[in-house]
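K.L.:
Pasting in a structure now, in structure tokens, and then I'll have a few things to ask.
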Amino acid sequence: MLGWSRLTFILLSGIVTCLVAQQVPPWTEDCRKSTYPPSGPTYRGPVPWYTINLDLPPYKRWHELMVVKAPALKVIVNSMKNIVNAFVPSGKIIHLVDQKLPGLLGNFPGPFEEEMKGIAAVTEIPLGEIILFNIFYEFFTICTSIITEDKEGHLLHGRNLDFGVFLGWNINNDTWVITEELKPLTVNLDFQRNNKTLFKATTFAGYVGMLTGFKPGLFSVTLNERFSIDGGFMGVMEWILGKKDAQWVGFIIRSVLENSTSYEETKNILTKTKILAPAYFILGGNQSGEGCVITRDRKQSLDIYELDPKHGRWYVVQTNYDRWKNPFFLDDRRTPAKMCLNQTTQENISFATIYDVLSTKPILNKLTVYTVLIDVTKGQFETYLRDCPDPCIGW
């Protein structure tokens, strides 16, 4: 066990490092240019595509994918168990997860419970641990999302998904354990019905909700976590205690991608539906002005911030802080993102220049798993695994 003097030194060193980390080079940098098509040290590689056949029974939909990804899923589930056991070494928490969690969190809506049971069966991972893997994303998703509109009224949507803060640090290669273990699980999915694409999404194999996706020709949506005292833990506790009138945020994204038929319908659902965890829904459409950030607490919408190109608002940027508040000074990705977009100018916005913005530190950081670029109108959806070689901020 660390002595108090050593522990204090480590904590103080970390605080001092963080105080300066996001304010000076090499932790920040000038806006990147010419990073697209992706290459070089910040590009880990492409993300594979798989098809999910929604005509199959829910229990069987994920079998083909999970046969391939079961080994990688077992690695990350074991890491999650190790993190839990580090706090409660007796192993009692994991025993409760395996034995009690399915009963406590039973009656998931729609097809999700059967899908998770099917994943548990094919991977031979206990159902409780599959459920734990699925609810993790109610709490730890830290992201940057952008929607832009060019001079012709054409919309683009980009996002970095950052995940894994405080979930294990590998001192041998200076990376977050969970972040690195999610990269082999990252997949692009083509959800089909009657052999036709219904929607496309990027997710982690084993997770049946969605955080990033689009319905070709109609709308795109990404989810960012919103920090709040009345947060996801409270929502989960209410669910366990029997109050199940709210939706899991990853499941509501999956639901609108599967069932909604327009930008306005999706906007209405994401604005009014009760949810288990506070969130930001970043929604893009297919016409001028159809782009917004919906700031949510668990019961209602607090703000809808929309594109307004006629008055010069040709982009919206959302990280993990309310737009009317200053971001936490140790985690300001909003300011550099807006600065780089302003330097780019509306005339030059494209997949390439959005990728440049999302490749600029600290928008790109040690937590970044992947970058997605979406063009709803053209039906383009590109996902790239990322790296942030040292020197690089931890978040």
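Every residue, even glycine, has its Cβ placed from backbone N, Cα and C.
Here Swiss-Prot flags Cys143 as active site, nucleophile, drawing on similarity to another entry. The annotation N-linked glycosylation site is assigned in Swiss-Prot to Asn195, Asn259, Asn286, Asn342. Per Swiss-Prot, signal peptide is recorded for 1-20, and the stated evidence type is sequence analysis. The site 'Important for catalytic activity' annotation in Swiss-Prot covers Asp162, Asn320, Arg333 and is backed by similarity to another entry.
Mind running through what each feature is packed against?
P.N.:
Around Cys143 (active site, nucleophile), the same-chain residues at least 6 positions away in sequence with a Cβ under 8 Å from its Cβ are Arg159, Asn160, Leu161, Asp162, Thr222, Leu223, Asn224, Glu225, Thr319, Asn320. A strand conformation is recorded for Cys143 (active site, nucleophile) in the three-state DSSP classification.
Classification of Asn195 (N-linked glycosylation site) by DSSP places it in coil, neither helical nor stranded. Around Asn195 (N-linked glycosylation site), there are no C-beta neighbours below 8 angstroms that are at least 6 residues distant in the chain.
Within its own chain, Asn259 (N-linked glycosylation site) has no residue 6 or more apart in sequence whose C-beta sits under 8 angstroms from its own. According to DSSP, Asn259 (N-linked glycosylation site) is assigned to a helical segment.
For Asn286 (N-linked glycosylation site), the same-chain residues 6+ apart in sequence whose C-beta sits under 8 angstroms from its C-beta are Leu155, Gly217, Leu218, Phe219, Tyr263, Val376, Thr377.
Taken residue by residue with DSSP, Asn342 (N-linked glycosylation site) is part of a helix.
DSSP assigns Asp162 (site 'Important for catalytic activity') to a strand segment in the three-state reduction. Other Cβ atoms within 10 Å of the Cβ of Asp162 (site 'Important for catalytic activity') number 28 in total over all chains.
Asn320 (site 'Important for catalytic activity') is surrounded by 20 other CB atoms, counting those within 10 A of its CB over all protein chains shown.
A C-beta separation below 8 Å, combined with a sequence spacing of at least six in one chain, links Arg333 (site 'Important for catalytic activity') to Thr144, Thr319, Pro327, Pro362, Ile363, Asn365.
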